[in-house]
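Q: I'd like to ask some things about the structure below.
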Amino acid sequence: KTFTRCELVQALRRQGFDEAKLRDWVCLVENESRGRTDIVGKPNKNGSRDYGLFQINDKYWCSNTSKAGKDCNITCSQLLTDDITVASKCAKKVYKRHNFMAWYGWRNHCQNKPLPDISKC
C-alpha cells in the first residue's frame, strides 16, 4: 500500500501517535519509504536492511527469519503489511529509545527544516 499524506495522517492518528509530533512522523515516513508499506531497503553498510513504512532496521528491531525476535519481538515481514499496527508499535519503541535521531531520513530532511503541511487533513 502507498499512503497519500492525508491517509497517512489518519492512519497515524488511529495508531495513537502524538499529535504534536505528527508532522515529524509524516516527514519521516515520506522520506524513508515514500509512504509505502512493502518497501525493503538496499543493504546498509553493515549488511542490515530496513523494512516497511518506517524503514525499521533488522539489526536490532526485527528478525529476518520466520521466528519473531529482537527488540520489537516481531519478524521483519510483519513490518511490510498494509495494516500498520505492528509497524507503528515498533516505531514507537524505536522513538522511545532514540527519538527521531534513529532515522537518517528524518535527520537529513526534517530536523530543523520546514515540516509537511497537514492542516488540510
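Including glycine, each Cβ sits where the backbone N, Cα and C put it.
Quick paste of what Swiss-Prot says about this protein:
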DOMAIN    1-121  domain 'C-type lysozyme'
DISULFID  CYS6-CYS121  disulfide bond
DISULFID  CYS27-CYS110  disulfide bond
ACT_SITE  GLU32  active site
ACT_SITE  ASP50  active site
DISULFID  CYS62-CYS76  disulfide bond
DISULFID  CYS72-CYS90  disulfide bond
Q: Have a look at the disulfide-bonded residues CYS62, CYS72, CYS110, CYS121 and say which one has the shortest Cα distance to ASP50 (active site).
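A: Closest by Cα distance to ASP50 (active site) among the disulfide-bonded residues CYS62, CYS72, CYS110, CYS121: CYS62.
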Q: Could you measure between CYS121 (disulfide bond) and CYS90 (disulfide bond) for me? Cα positions, answer in whole angstrom.
A: 25
Q: Show which residues of the chain containing GLU32 (active site), separated from it by at least 6 in sequence, have their CB under 8 Å from its CB.
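A: Non-local contacts for GLU32 (active site): ASP50, LEU53, PHE54, GLN55, TRP103, GLY105, TRP106.
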Q: Pop the Cα-Cα gap between CYS90 (disulfide bond) and CYS76 (disulfide bond) into the table, whole Å please.
A: 11
Q: Compare the Cα of CYS6 (disulfide bond) against each of the disulfide-bonded residues CYS62, CYS72, CYS90 and report the nearest.
A: CYS90
Q: Radius 10 Å, atoms counted are CB only; among the disulfide-bonded residues CYS27, CYS62, which position scores highest?
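A: Of the disulfide-bonded residues CYS27, CYS62, the highest Cβ count within 10 Å belongs to CYS62.
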Q: Please give me the CB contact count at 10 A for CYS6 (disulfide bond), counting all chains in the structure.
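A: If we count other Cβ atoms within 10 Å of CYS6 (disulfide bond), we arrive at 12.
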Q: List the same-chain residues at least 6 positions away in sequence whose Cβ sits under 8 Å from the Cβ of CYS90 (disulfide bond), in sequence order, or say none.
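A: Sequence-distant Cβ neighbours: PHE54, ILE56, TRP61, CYS62, CYS72, ILE74, LEU79.
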Q: Please classify the secondary structure at CYS110 (disulfide bond) using three-state DSSP.
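A: DSSP assigns CYS110 (disulfide bond) to coil.
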Q: Give the helix, strand or coil assignment DSSP yields for CYS27 (disulfide bond).
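A: Its secondary structure by DSSP: helix.
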